[in-house]
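Step one of this worksheet: look at the structure below.
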Amino acid sequence: AVLVESLLVFGVVLSVHAVVWDRFSWCTVALALQAFYAQFKWDRLLQQGGAVFQFRGAANSGLLPASMVIPLLGVVMKERCRAAGIVYFERFGVVVASTGMLLALFLSVLAVGITKPVPTNTCILTGVAGSVIIYTMKHSLTVSEVIEVLEVLLIFVYLSMILLYLLPRCFTPGEALLVLGGVSFVLNQLIKRSLNVVEGRGDPIDFFLLVAVVGVVLLGLFFTVLFTFMDSGTWISSMFFHMMTAVLGLGVIMPWLYRLIQRNPLFWLLQFLFQTQTRLYLLVYWTFLAASACGVVFYQNAKRSSESKKHQASTITRKYFHFIVVATYVPGLIYDRQLLYVAAVLCLAVFIFLEYVRYFRIKPFGQTLRHLLSLFLDERDSGPLILTHIYLLLGMSLPVWLFPRSCAPKGTLPGAGALVPYSGVLAVGVGDTIASVFGSTMGEIKWPGTKKTFEGTMTAIFAQIIAVALILIFDSSVNLNSSYAWILASVSVVSLLEAYTTQIDNLLLPLYLQILLMA
């Protein structure tokens, strides 16, 4: 299974390399080769319990597929913005690619360094790949860009040491690279933009995303440190939690956002949300869907009988939420993507805040949330945090957040790139959902080395093709320009990756589909 997963990732890397064909695409090939070898060292460390931190069990390290995501995103973003003639974002793509390569190299060097005896071949390959990447960065980046890349690496190192210690068994090494690498990059971007505020420059919704992500992460770190010295389950601690949340929100996060957007954040948000009648209709519709999702949770818990306390929700039951999320995102993508962008940021902040309430057992809802959500746990929620619903939201939202709007004439990319914002809907909302439902109910032929079925994968590919056809009918902004073969190949590769990967597919699959569609 690991070998097939690696072959699929190599296929994606070579496809992007064939399209781009420059020094950075050559670097991604070198990075993929060394990550393939380093991945086995991480797998051995995980099996022997010598990986320094406690990582999520029942999964391989996932180093290769995770290592390639950020570099490939940077490479395809650079190429798209170069074609559009937007130099600023072309350089931003170069920084993203370089940062991703350096973070992946760091994780590989870490695995090689703690492996005993020292693996000579992997050391040589890592040294060669590192030399190629550093040589390319030396001749491609300005001094300020090199400093920016090193800042992200420094933040990543410290953030990893803190969070992997505080949150054992929540991530695999690959998932830690993706999540903590992304948070490190966002934090560095927020610091950089806060120090260089120019009035009227920058989109407020981008600043809103940066401040929201950094704000909830800092909030979690603050309370994690605080509650190591006091019991978080008492009423006094709960009152202190709510009071400090209000203080940090109104005293730190709001002024920070005010400095960036140069206006009152609450007034701006209210004006933005209720700006048009279409937005009002969408907000009412999304409120109804949110109430429906809560209804599913309460109904499933009501069905839990006293004699079956260990009862867990079935795969089909958990996929109800995927259908609800698809019904949420598709109208937003068709009618108002900016509103969907901001609404997804708000939902992410609320989800993470509620997870803090559940994790710290904050009264009056902490224990209730623990009871309600325990029904929907699976083997991936082996750590103290429940992250699968947050990963689902991220998988659907990242293609919307990472879409290079400034490099897209008329708000959309040509050809297959027009489907980029729909990557989460196609890969997770449609593909992963249909594969799970049909595979678990009608699947008989299993892919070698996995529990996934051939029927589930083929049905997922077919369902995504139908979804693309429906998008063409209902979204007039999408024009594929006869790039159907590339779309079919991209959907097929990502569906096969879903069958063979042991990483969090809600997070990984949309990013790979986005990379292929942008390429």
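Note that the numbers count up from 1, one per residue, in the order the chain is shown.
Quick reminder: no glycine exception, Cβ is built from N, Cα and C everywhere.
Annotations in TrEMBL come from automatic prediction, not curation.
The annotation transmembrane segment is assigned in TrEMBL to 7-37 (among others).
The transmembrane segment annotation in TrEMBL covers 57-76 (among others). Packing against the transmembrane segment (57-76) from elsewhere in the chain are residues 2, 5-6, 9, 12-13, 16, 20, 24-25, 27-28, 31-32, 35-36, 38-39, 42-43, 45-46, 93-101, 103-104, 107-108, 111, 169, 172-175, 177-178, 181-182, 185, 379-380, 382, 402, 497, 501-503, 508, 511-512, 514-515, 518-519: each is 6 or more residues past its ends and has a CB under 8 Å from a CB in it.
The feature transmembrane segment is assigned by TrEMBL to 88-112 (among others).
The list of residues near the transmembrane segment (118-137) in space but at least 6 beyond its ends in sequence, with Cβ under 8 angstroms from a Cβ of it, reads 23-24, 26-27, 30-31, 33-34, 37-38, 41, 98, 101-102, 105, 108-109, 112, 146, 149. Residues or ranges marked as transmembrane segment in TrEMBL: 118-137 (among others).
Here TrEMBL flags 149-167 (among others) as transmembrane segment. For the transmembrane segment (149-167), same-chain residues at least 6 beyond its ends with a Cβ under 8 Å from one of its own Cβ atoms are 53, 55, 95, 98-99, 102-103, 106, 137, 141, 176, 180-181, 183-185, 187-188, 191, 221, 224, 383-385.
Listed as Cβ neighbours of the transmembrane segment (239-258) (distance under 8 Å, sequence separation of 6 or more from its ends, same chain) are residues 194, 207-208, 211, 215, 218-219, 222-223, 232, 264-266, 353, 360, 362. The transmembrane segment feature in TrEMBL is assigned to 239-258 (among others).
Residues or ranges marked as transmembrane segment in TrEMBL: 278-299 (among others).
Feature annotation from TrEMBL assigns transmembrane segment to 341-361 (among others).
Feature annotation from TrEMBL assigns transmembrane segment to 382-402 (among others).
With a threshold of 8 Å between CB atoms, the same-chain residues lying at least 6 positions outside the transmembrane segment (422-442) that come near it are 315-316, 319, 322-323, 325-326, 329-330, 333, 392, 395-400, 452-453, 455-457, 459-461, 463-464, 467-468, 471, 491, 494-495, 498-499, 505-506, 509-514, 517. What TrEMBL lists as transmembrane segment is 422-442 (among others).
Taken from TrEMBL, the feature transmembrane segment applies to 454-474 (among others).
Marked as transmembrane segment by TrEMBL: 486-513 (among others).
Take the transmembrane segment (382-402) and the stretches 7-37, 454-474, 486-513: counting Cβ pairs under 8 Å, 486-513 has the most.
Note on the transmembrane segment (486-513): residues 1, 4-5, 8-9, 11-12, 58-60, 62, 65-66, 69, 73, 172, 174-175, 178-179, 380, 387-388, 391-392, 394-396, 398-399, 415-416, 419, 423-424, 426-428, 431-432, 435, 447, 449-450, 452, 456-457, 460-461, 464-465, 468, 480 of its chain, located 6 or more positions outside it, place their CB under 8 angstroms from a CB of the stretch.
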